[in-house]
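The transmembrane segment feature in TrEMBL is assigned to 61-80, 129-148, 169-191, 211-229, 241-260, 280-299.
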Amino acid sequence: MPSHTFTVNTEEYRPAEWDDEDFCIKVPRTSRENQQLKYGHVEDDNVDIAYLNFPILRASLIFTFISLTAFIIAVCAAFPTNYTPLHDTELIDNSIVIMYGAKVFRCRTFLKYPEDGLLSILNLLELNVWGNVIFRLATCLTIAVRFFHSIVFRNLLLNGFWRDVPNPIFRWLCDLMPMITLIETIALAMFSVITMHSDFKEINHFCKSTFAIVSVVNMCIPTVFHFILSINSSKRSEASVVFIRAVCTIVFGYCAPQYFQFHIGWTKESLCHSYIPRHFAIMEYSLLLAYITFHLLALKDLYGLQFICYPRSCSGECEPLKPCNYEKGEKYEHCRAFEHNQWRLRNNYKF
């Protein structure tokens, strides 16, 4: 291996092939200095020797499809066990005989069946075994994917669209997005896993409250960023997408606090049936539709992005897949970016 490819602990060194010239490679001591030495260098994406090279959107669509399909199957699986509860005159000792899986038991409740009641999807999934199990799959499957999406969007803003924006509030909001996305997805998964009737009702209610608050924040911040980006865009589609995002954010922000406040109060009693007052059921349908639509539109941010895995990134060092590429005068003779950039500048100056 050439002498200049070894890691050195000195501030600068002279490559063996240039002993007769006054030229030394400066080794960065800090990450800031490393960035300064690499300034102006455009890293080769090395697609010609990539192990993996596929669109991020393609993988994200697969997980999104599985999650949405699981949610629809969960609701459909719960319908066969759904029933219209008895009216007050037909109740015996304020109790209803219901089934949960293979168990048949008498559920005692003071929650009367609302005359104008509609089916609550969350209550339906709570009261059905298979519906609840598949609902867990739908919520848990996308935690890592959505967290990854938020990091990608953050990096696009900080390193792409608004690289030169010095506003600390903007940078703080960008850094906040991955954290609140992680909190939101975990809260969503937790209240699907921790049931009210057989686990811990207080933890379930806490997770739902957390989800309602954090989700509103996590929808507002990207909407504001997309609105700012669309101002300088000449595409009508961008304005349409931002408008739909804004509508979804407003609908969810209006419905979620009211619905979850009612839902938590309603389910403090024993939950024996899935029906709730009509206007709260419509709120639930609206916030679910707004939430799903908003995050489906978020996939548009991944358009054109590729996931590339090649030797120089996956190994953390110069690992020659094709040794001839790393010989003197070839493509990767100087594989460390700070070193390569100094060689490039030196050769440009020389010629």
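Note that Cβ sites are derived from N, Cα and C of the backbone, with glycine treated the same way.
Beyond the ends of the transmembrane segment (241-260), by six or more residues, the same chain brings 208-209, 211-213, 215-216, 219-220, 222-223, 226-227, 230, 280, 283-284, 286-287, 289-291, 293-294, 297, 300 to within a C-beta distance below 8 angstroms of the stretch.
For the transmembrane segment (280-299), the residues of the chain that approach it from at least six positions outside its boundaries are 57, 60-61, 64, 68, 117-122, 146, 149, 153, 215, 219, 222, 241, 244-245, 247-249, 251-252, 255-256, 258-259, 262-263, judged by C-beta separation under 8 angstroms. Sequence-distant contacts of the transmembrane segment (61-80), counting only residues of its own chain at least 6 positions beyond either end whose CB sits under 8 Å from a CB of the stretch, comprise 121, 124-125, 127-128, 130-135, 137-139, 141-142, 145, 292, 296, 299.
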